[in-house]
Amino acid sequence: MCSSSFSSSSRPIPAALAIFLALLLHWSRAQLSPSFYDMTCPGLSDIVLDVVLQAQISDPRMPASLIRLHFHDCFVDGCDASVLLDNSDTIVSEKDAVPNDNSARGFDVIDAIKSAVEEACLGVVSCADILTLAAEAAVRLSGGPSWEAQLGRRDGTTANISGANNLPGPVDTLAVLQSKFAAVGLDDTDLVTLSGAHTFGRAQCKSFAARLYNYSGTERPDPSLDSAYLALLQDQCPDGEDGTSLNDLDPTTPDAFDGNYYFNLQNGQGLLQSDQELYAGAGTAAVVDGYAGDESGFFESFAASMINMGNISPLTGSEGEVRVNCRQVNAI
């Protein structure tokens, strides 16, 4: 005889509760953790640190290049190592995008890290997490803060060259920068904080040459540039040259991760237009002023903002894959 009542397991779940549970499941699966590889690859951080250290000894520019790779990865469809993929029959590489072409570097270092990691922990660690760990090691080895990198990302199987062509750029206005950061869930504090990575590294003359000679079509230099700094840059980047000469993003301590970047902005010595733009808005200028007087506060905020950036749309669980070779998707 059939019962007229339902067991608790067969009662329909209200729609609102079903949506909540689905969101909760998605949220729980998307969580990253600093302990993700504790059991499967316990020496991971030390392996990454050692390879980055050797790269830094060989090339003092490399730490800045590695953190830039992580940035360029995360801002294009999330932190999925898409920036590492080479061209193939099915992939149009982000390496050929304008912001990356003849500019992004450090791919060989990521390859070296991947090789060393695979020897220790075969098929376990994603290239996306290697990028994340390499960025943290690069900052730490250059005198900056350290933080517990959140791990557990998987690698994407596609690239997005159009997205890479829309990365935050050196001639973007403050409004454009704010829009591009907001589009990936980062606020104005993240914008100013993450821009502090320009406290080390180099930029080619073509990235800022218009500021020196024809700012916004005026046929005059950018009036926000300190006059002595302008003269120095004009000497280093003569008008009409090919624009490939390298210049220190921070003229005071070019290879150290410190708070001098913010003093530079206060003094009209931001190398890129996108740097100096941060001192043009009241809200962002207040953050700049705060960091200029509080390096430890900047370091603390930088660690938090790097974690925020690393949380942009990660692939987790069964999504994506763990690439055997960071430059190509796995064979089916």
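From the backbone N, Cα and C atoms, a Cβ is placed for every residue, glycine too.
Annotated features, as they stand in TrEMBL:
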ACT_SITE  HIS72  active site, proton acceptor
BINDING   ASP73, VAL76, GLY78, ASP80, SER82, GLU94  Ca(2+) 1 binding site
BINDING   PRO168  substrate binding site
BINDING   HIS198  heme b binding site
BINDING   THR199, ASP250, THR253, ASP258  Ca(2+) 2 binding site
DISULFID  CYS41-CYS121  disulfide bond
DISULFID  CYS74-CYS79  disulfide bond
DISULFID  CYS127-CYS326  disulfide bond
DISULFID  CYS205-CYS237  disulfide bond
DOMAIN    31-330  domain 'Plant heme peroxidase family profile'
SIGNAL    1-30  signal peptide
SITE      ARG68  site 'Transition state stabilizer'
Measure from the CA atom of SER82 (Ca(2+) 1 binding site) to the CA atom of ASP250 (Ca(2+) 2 binding site) and give the result in Å, rounded to a whole number.
29
Taking Cα-Cα distance, which of the recorded positions HIS72, ASP73, SER82, CYS205 are within 10 Å of the residue listed as 'substrate binding site'?
HIS72
Among the binding-site residues SER82, HIS198, THR199, ASP258, which ones place their C-alpha within 10 angstroms of the C-alpha of CYS326 (disulfide bond)?
SER82
Work out how many Å separate THR253 (Ca(2+) 2 binding site) and CYS79 (disulfide bond) at their Cα atoms, rounded off.
29
Say you check the Cα of VAL76 (Ca(2+) 1 binding site) against those of the recorded positions CYS121, CYS127, HIS198, CYS237; which is nearest?
CYS127
Ten-angstrom check, please: count other Cβ atoms within 10 Å of the Cβ of SER82 (Ca(2+) 1 binding site), all chains counted.
26
Nearest of the binding-site residues to CYS205 (disulfide bond) by CA-CA distance, picking from GLY78, ASP80, GLU94?
GLU94
Nearest to CYS41 (disulfide bond) by Cα, among GLY78, ASP80, SER82, HIS198, ASP258 (binding-site residues)?
ASP80
Find, among the disulfide-bonded residues listed as CYS41, CYS79, CYS237, CYS326, the one whose Cβ has the highest number of other Cβ atoms within 10 Å in the structure shown.
CYS79
Quick check on the recorded positions: of CYS74, VAL76, CYS121, CYS127, CYS205, whose CB has the lowest count of neighbouring CB atoms inside 10 Å?
CYS121
Near SER82 (Ca(2+) 1 binding site), meaning Cα within 10 Å, which of HIS72, CYS121, HIS198 (recorded positions)?
HIS72
I'd like the number of other C-beta atoms within 10 A of the C-beta of ASP80 (Ca(2+) 1 binding site), please.
29
